[in-house]
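Notes follow the structure.
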Amino acid sequence: MLAILRAMFHLHIDYGDPERLKDSQLVFATIHANREELTDELVDAMQRLWHDEGVQECFRRSNEYQIDDSAKYFLDNLARLGAHNYLPTEQDLLRTRIKTSGITEVLFELKGLTFRVIDVGGQRSERKKV
């Protein structure tokens, strides 16, 4: 959501409903305070933002800024993710993205076959090391 809100500013896209400005201020305040908890208030604000026409327009223009491929998945599932009894699903885990650096190698065996998975840090400079 943060990437979209920042892009709206740079792309000069207005909120469909001016009331969403308050919601975006809550999102930015939460980030700047380094709070990680998904409070009910924050989840509600993010859901209202996600359904705003201006936010949707900005998302449709996501080729003009950097946003994770899985953003839509998580934003579509905000109510479930923000539930007090939330437990991640297999899809949640698979769609989670964590920045890496360096080269990490993992070996594992499955049905008598050995698999070697190599994670090369996301930056192009890391890829040259392979």
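The backbone N, Cα and C atoms fix where each Cβ goes, and this holds for glycine too.
Curation does not apply to TrEMBL; its annotations are automatic.
What TrEMBL annotates here:
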type    : residues                                                                                               : note
BINDING : ASP69, SER70, LEU94, ARG95, THR96, ARG97, ILE98, LYS99, THR100, ASP119, VAL120, GLY121, GLY122, GLN123 : GTP binding site
BINDING : THR100                                                                                                 : Mg(2+) binding site
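Projection of TrEMBL feature records onto the structure.
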residue	record	DSSP class
ASP69	GTP binding site	coil
LEU94	GTP binding site	helix
THR100	GTP binding site	coil
VAL120	GTP binding site	strand
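Neighbour density at the Cβ, taken as the number of other Cβ atoms within 10 Å, is lowest among the binding-site residues LEU94, ILE98 for ILE98. THR100 (GTP binding site): 13 other CB atoms within 10 A of its CB, across all protein chains. Using a 10 Å Cβ-Cβ cutoff, VAL120 (GTP binding site) registers 17 neighbours.
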